[in-house]
Amino acid sequence: MVLSPADKTNIKSTWDKIGGHAGDYGGEALDRTFQSFPTTKTYFPHFDLSPGSAQVKAHGKKVADALTTAVAHLDDLPGALSALSDLHAYKLRVDPVNFKLLSHCLLVTLACHHPTEFTPAVHASLDKFFTAVSTVLTSKYR
């Protein structure tokens, strides 16, 4: 999926507004994913999966940090996320559908926290971005 110049502007602008809250939003989105799609919990049998747990927050921060890296490398997502793609494909063996579920929950979380900024254009740009990230993360499954 190709991100247009307008998409890139929307993504970077939104990520700048998120600022220091990215880790919190990542944890909240992960909580939302576990609550809405319980099958996603199977990858975290060693975690305390109760809402707001320290382990979920810490992993949510890892997700947010990876997305921050992706935002900084919009023109080379495969290069920026190659190691993460290897990890999820070869070691963790995460079912690719879970990236789509988490992406949806990330969109919902961002919309809840930034309703004014979450215009249809921003929504579409972020959806394309999360789809592009998901595509990269699942590219080594083949």
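Even glycines carry a Cβ here, placed using N, Cα and C.
Look at Swiss-Prot and you will find 2-142 tagged as domain 'Globin'.
Per Swiss-Prot, phosphoserine is recorded for S4 (among others). Sequence-distant contacts of S4 (phosphoserine), defined as residues of its own chain at least six apart whose C-beta falls under 8 angstroms from its C-beta, are absent.
All protein chains shown were included, and the count of other CB atoms within 10 Å of the CB of K8 (N6-succinyllysine) stands at 15. DSSP assigns K8 (N6-succinyllysine) to a helix in the three-state reduction. Swiss-Prot lists K8 (among others) with the feature N6-succinyllysine, giving similarity to another entry as the kind of evidence.
Per Swiss-Prot, the feature N6-succinyllysine maps to K12 (among others). The C-beta environment of K12 (N6-succinyllysine), restricted to residues of the same chain at least 6 apart in sequence and closer than 8 Å, consists of V71, L74.
Per Swiss-Prot, the feature N6-acetyllysine maps to K17; the stated evidence is similarity to another entry. Cβ neighbour count for K17 (N6-acetyllysine) (all protein chains, 10 Å cutoff from its Cβ): 13. K17 (N6-acetyllysine) falls within a helix when secondary structure is assigned with DSSP.
Taken from Swiss-Prot, the feature N6-succinyllysine applies to K17 (among others).
Annotation source Swiss-Prot lists phosphotyrosine at Y25, citing similarity to another entry. The Cβ of Y25 (phosphotyrosine) lies under 8 Å from the Cβ of I18, G60, A64, L106, T109, L110, H113, each on the same chain and at least six residues away in sequence. DSSP assigns Y25 (phosphotyrosine) to a helix in the three-state reduction.
Annotation for S36 (phosphoserine): spatial neighbours L101, C105, criterion Cβ-Cβ under 8 Å with sequence separation of six or more. Residues annotated as phosphoserine in Swiss-Prot: S36 (among others).
Just so you know, the Cβ of K41 (N6-succinyllysine) picks up 13 other Cβ atoms within 10 Å once every protein chain is counted. Residues annotated as N6-succinyllysine in Swiss-Prot: K41 (among others).
S50 (phosphoserine) falls outside any helix or strand according to DSSP and counts as coil. There are 10 other Cβ atoms within 10 Å of the Cβ belonging to S50 (phosphoserine). The feature phosphoserine is assigned by Swiss-Prot to S50 (among others), with similarity to another entry given as support.
Annotation note: H59 (O2 binding site) sits in a helical segment as assigned by DSSP. Long-range Cβ neighbours of H59 (O2 binding site) (same chain, at least 6 residues apart, Cβ-Cβ under 8 Å): G26, G27, L30, F44, F47. Under the heading O2 binding site, Swiss-Prot lists H59, citing sequence analysis as support.
Look at Swiss-Prot and you will find H88 tagged as heme b binding site. Look at H88 (heme b binding site): DSSP puts it in a helix.
Counting every protein chain shown, the Cβ of T109 (phosphothreonine) has 21 other Cβ atoms within 10 Å. Marked as phosphothreonine by Swiss-Prot: T109 (among others).
Annotated phosphothreonine per Swiss-Prot: T138 (among others), in sequence order. Within 10 Å of the C-beta of T138 (phosphothreonine) we count 19 further C-beta atoms, all protein chains included.
The phosphoserine annotation in Swiss-Prot covers S139 (among others). Residues within less than 8 Å, Cβ to Cβ, of S139 (phosphoserine) and separated from it by at least 6 positions along the same chain comprise P78, S85. In the three-state DSSP reading, S139 (phosphoserine) counts as helix.
The Cβ of H88 (heme b binding site) lies under 8 Å from the Cβ of V94, L137, T138, each of which sits 6+ residues away along the same chain. Mean per-residue pLDDT, taken over the domain 'Globin' (2-142), amounts to 94. Rounded to a whole number, the C-alpha distance linking K8 (N6-succinyllysine) with K17 (N6-acetyllysine) is 14 angstrom.
In the three-state DSSP scheme, T109 (phosphothreonine) is classed as helix.
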